[in-house]
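What Swiss-Prot says about this protein:
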BINDING   Arg24, Glu81, Lys120, Lys448  (6S)-5-formyl-5,6,7,8-tetrahydrofolate binding site
DOMAIN    216-373  domain 'TrmE-type G'
BINDING   Asn226, Thr245, Ile247, Thr250  K(+) binding site
BINDING   226-231, 245-251, 270-273  GTP binding site
BINDING   Ser230, Thr251  Mg(2+) binding site
Amino acid sequence: MSDNVPTIAAVATAPGRGGVGVIRISGKNLLPMAQALCGKTPKPRTATYADFTDTDGQAIDSGLLLFFAAPASFTGEDVIELQGHGGPVVMDMLLNRCLELGARLAEPGEFTKRAFLNDKLDLAQAEGVADLIDASSRSAARLALRSLKGDFSRRIHGLVEDLITLRMLVEATLDFPEEDIDFLEAADARGKLDGLRRAVDDVLANAQQGAILREGLNVVLVGAPNVGKSSLLNALAGDEVAIVTDIAGTTRDAVRERILIDGVPVHIVDTAGLRETDDVVERIGIERSRKAVSEADVALVLVDPREGLNEKTRAILDALPPELKRIEIHSKSDLHAHAAGGFGTGAETVIALSAKTGDGLDALKRTLLREAGWQGESEGLFLARTRHVNALKAAQEELSLAALCGNHQIELFAEHLRLAQVACGEITGEFTADDLLGVIFSRFCIGK
């Protein structure tokens, strides 16, 4: 990083009152600031108890000052942490004192961004920091920690090293174009390529599982008014999150709820009945429901077996994207018989279910996990993001194209290897546009 990088400061603990509050500061040559804050010269990696003082030498608070000298710190710069009492007024006074001493307020994720720019973390590890903070289940927290500790990155670095080795081997043959030798065959380049493709496939499979655990499954409940959508949402959530009445149109807005099934987040939207209405408020809710449908991975199509596919249900089905996966739910199974063959909704799975008694809920949850593609937590799994999956798919495609190259298309073969390396490098940040970095780190919390 540049020598002109400003000193940054932020409250690193959550807003509100607590026993301890932490101010984090990062920059170059911070010993003078430490001395101004507490009147002492702290030793690196040692907790110093002191009063934290204002410009007049009056105590603002008392607590611990920790000093981490560059480069042996989280950001790779000098870092100070002030551990004081966790009241918002005290934290605000301490932060303002740091700003008076020349620091500026840190942007979201700026401490982690500096760690990345100073080679303390790669981009996948930096994202692991945010994912650990945002983890919604124990499984997600365990896998995020693996990413933070570099498990995912080591897999990617291994792929990149193998790609570089194969590229060097292939590109060296370009120095001898006049030789009538099949260098790809002689160097077993194709055998090495096959091994690389298998390795990428393996990492991609793990990344897809990690992305499922991080991002989950988007599910919409659709069906005619009063077919039991809100009752099913309440049953899945285990709480009364949606109003249930016998009046059609009770759900006037899309009701959203997140549940966990075996640690996998499932985002469920109870749609306002997809129908035409003159009610302005209900019409807004219906538009939101249509947006939720467009973003869904799976639609739970609720059907009353007594009525089958009535005109209203057919109109709703016609409004669904044809590629959207569907699970047909025969609601209120405690009141009437289940139609085993289904009603032609386009669903591969039909489940009879009673939101009142809970019969069929476990079968539905198992089906949702199957539709999500979740295979269960396994050794070596790590948390991943959609961008990681897309990058690995791009590398997979480039290696597939390389495999199609003829024996004398060495330059094209080498170019596909290079593009596969670039795709893998995007995951760890070796090849990453500045605007992407801005988006990634802007989603962190301030102080991290």
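Glycine is treated like the rest: Cβ placed from N, Cα and C.
On the structure: features taken from Swiss-Prot.
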residue	record	DSSP class
Arg24	(6S)-5-formyl-5,6,7,8-tetrahydrofolate binding site	strand
Glu81	(6S)-5-formyl-5,6,7,8-tetrahydrofolate binding site	strand
Lys120	(6S)-5-formyl-5,6,7,8-tetrahydrofolate binding site	coil
Asn226	K(+) binding site	coil
Lys448	(6S)-5-formyl-5,6,7,8-tetrahydrofolate binding site	coil
Entry from the binding-site residues list Arg24, Lys120, Lys229, Lys448 having the most other CB atoms no farther than 10 A: Lys229
Other C-beta atoms that fall within 10 angstroms of the C-beta of Asn226 (K(+) binding site): 19
For the domain 'TrmE-type G' (216-373), mean pLDDT (0 to 100): 77
List of residues, in chain order, with Cβ under 8 A from that of Glu81 ((6S)-5-formyl-5,6,7,8-tetrahydrofolate binding site) and at least 6 apart: Ala12, Val22, Ile23, Arg24, Ile25, Leu65, Leu66, Phe68
Rounded inter-Cα distance in Å - Asn226 (K(+) binding site), Lys448 ((6S)-5-formyl-5,6,7,8-tetrahydrofolate binding site): 47
Lys120 ((6S)-5-formyl-5,6,7,8-tetrahydrofolate binding site) and Lys229 (GTP binding site), Cα-Cα, nearest whole angstrom: 49
For (6S)-5-formyl-5,6,7,8-tetrahydrofolate, whose listed binding residues are Arg24, Glu81, Lys120, Lys448, the greatest C-alpha pairwise distance in Å: 18
Inter-residue Cα distance where the pair is Lys120 ((6S)-5-formyl-5,6,7,8-tetrahydrofolate binding site) and Ser230 (Mg(2+) binding site), in Å: 49
